[in-house]
Amino acid sequence: MSFLAKSLRKSAKVGSFKLRLGSTRMLSGTSNSNNHADETKKNQLTTDKPSTTHFGYKEILLNQKERLVGDVFSSVASNYDLMNDVMSLGIHRLWKDHFIKKLDPGMRPGGEPLEFIDAAGGTGDIAFGLLRHAKQHHFDTKSRMTVVDINNDMLNEGRKRYLDTEFVTESPNRIQFLQQNGEVLDKIPDNSKDFYTVSFGIRNFTNIQSGLNAAYRVLKPGGIFACLEFSKVDNEYLNFIYNKYSFSLLPLMGELVANDRASYQYLVESIRKFPSQDEFSGMIRKAGFYVPGKGYENLTFGVAAIHIGIKI
Ligand SMILES: C[S@@+](CC[C@H](N)C(=O)[O-])C[C@H]1O[C@@H](n2cnc3c(N)ncnc32)[C@H](O)[C@@H]1O
């Protein structure tokens, strides 16, 4: 049984709620999603937002961030795998595999097809991986995937890669690509998704809490939120080496392999600006999710971490 399945089984009773594995549907209880959705929309409209934010280590005007992040990903889109390999020394592939196995998604026998959303899904690594896993492990060829990303250049890479997958011939229209800001997801109805995933994307959002609130809104009661993201290294010595590598070598490698020092510099700084594992778990709870156990699993001493939340 996967780690997630065990966590869920342990937490299968959440107050008066019961979760059914696989279908992730609620069997009893009522959801607070409508109130929450209203609150989210209200927050988005009325919160006193600071007029500045960070872009890596730079202080910028709030309304500049989306464009600057857009420029970074437009610039790396065609070399996206190379960027990931440089950033993680190739380990991102192992982390992504582990993430997918841990979620162990797929329609269970006799169940209904699942609705997945992969936010900031870019080139589709996680989206294709989830559907492949569902097929290989649960004979699921029906569940559907929506990949959303704010950046059309990244989505276009995903669309191109999709054409090379087995899904195109097997079952067309199982995957749709939508240009959407993950902080709002205005084209995604409330309570419509069983799984929300976001991998190496949420740290680039201007307002991470709005992204989490939007995730909560679009998930069905019992739906699973899962995030794979760079995080904080939990070992002092390793952290020292990691910092040296990140700040000295990475921007240089960005310049040498992709002629793009600035984007790599931003990516390193954005990792350092991202909240710690415990802070991020707190934000997931704040969005309304039930967080099982401590809420995260560190990968490679915390270089990356997986966070889980369940919509109650
Ligand atoms: C490092 S890539 C990750 C792509 C993919 N999820 C993966 O794991 O390979 C980060 C992605 O986040 C997207 N992104 C940044 N801000 C976003 C936002 N506010 N809403 C949706 N996507 C966003 C970028 O366009 C980019 O495609």
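These residue numbers are counts, starting from 1, taken along the chain as shown.
In case you wondered, yes, glycine gets a Cβ from its N, Cα and C as well.
Per TrEMBL, the features are as follows:
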REGION    27-51  region 'Disordered'
BINDING   T123, D149, N181, G182, S199  S-adenosyl-L-methionine binding site
* Asked: Taking the residues T123, D149, N181, G182, S199 listed for S-adenosyl-L-methionine, what is the greatest CA to CA distance in Å, to the nearest whole number?
  -> 16
* Structure fact -> Of the binding-site residues listed (T123, N181, S199), the greatest number of other CB atoms within 10 A surrounds the CB of S199
* Asked: Relative to the Cβ of D149 (S-adenosyl-L-methionine binding site), which residues of the same chain, six or more apart in sequence, are found under 8 Å away?
  -> A119, A120, G121, G122, L155, G158, F177, Q179, Q180, G182, G201
